[in-house]
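Novice: Next up is a structure, given as structure tokens.
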Amino acid sequence: MSFAEEFEANLVSLAHVLQKKYALLRDLDKSLQENQRQNEQRCEKEIDDIRKGRAGNITPNTSLTQFSEEAIDEQKHSVRIADEKVALAMQAYDLVDMHVQQLDQYMKKSEEIRKEKEAAAAALELENNGKAGNAGEGGRGGRKKTRLATAASTAAASTGMTSSNMDLDLPVDPNEPTYCICNQVSYGEMVACDNNECKIEWFHFGCVGLKEQPKGKWYCPECATVKKSRKGR
């Protein structure tokens, strides 16, 4: 049984226990009110008898604050009933508080587990992206490599379209790295600049005016301009 199922079962049990305690509280309250009513009547009668000097063994010189043993016992009984009510109320409060603390602990633990799962998923995704990037970008040294975007190649395979006439307005992973002078994600065929210090490195064929892979070494427009300026010095 999971914690949620166990907690739900305990809540059902708690409801029954609280119902019984509240019913007992109502009974005690009725008993207390009746006892207090009788005690007030007895005390009023004894005070009246004291004033009139007709209170059995109570003489006219007796203080008005001194009541019979019966009246005092009734007052003590009222105090005991009140103490029982307080004890029952405290028990009910402790039961509810215990369940609230259990729920707080469960929610805290669930939040920790959720964060751990999200962190593990993010780490796995980052690792997979890194492996995919290394596989597509390995080796430069004059050899032209081709990169195919996952979304683009999947759509091309399912529709029979080529990367040159595809609608590239596809949803992509926001964590996907961007390339080329257009600063977009990889799609279709791409070519790598042979300048090892090139800041961009990978370019889409269409963005640099290529229709097929160039033969020999190839430099992007910016690197080619820098290379020519150095030769002219």
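Residue 1 is the first one shown; counting continues down the chain.
Heads up, the Cβ atoms here are built off N, Cα and C, so glycines get one too.
Just so you know, TrEMBL annotations never went through curation; they're auto-generated.
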Novice: If TrEMBL is the reference, give me the range from 64-95, 96-127 marked as coiled coil.
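Specialist: Matching range for coiled coil: 96-127.
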Novice: Among 22-48, 130-156, where does TrEMBL put the label region 'Disordered'?
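Specialist: The range carrying the region 'Disordered' annotation in TrEMBL is 130-156.
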Novice: For the domain 'PHD-type' (177-226), how many residues does DSSP put in helix, in strand and in coil?
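Specialist: Summed over the domain 'PHD-type' (177-226), the classes give 9 helix, 10 strand, 31 coil.
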Novice: Let me spell it out: take the coiled coil (96-127), skip the flanking residues so only those 6+ beyond its ends count, and list any with a Cβ under 8 Å from a Cβ in it.
Specialist: 3-4, 7, 10-11, 14, 18, 175
Novice: Where's the emptiest Cβ shell within 10 Å among the recorded positions CYS180, MET190, CYS198, CYS220?
Specialist: CYS198
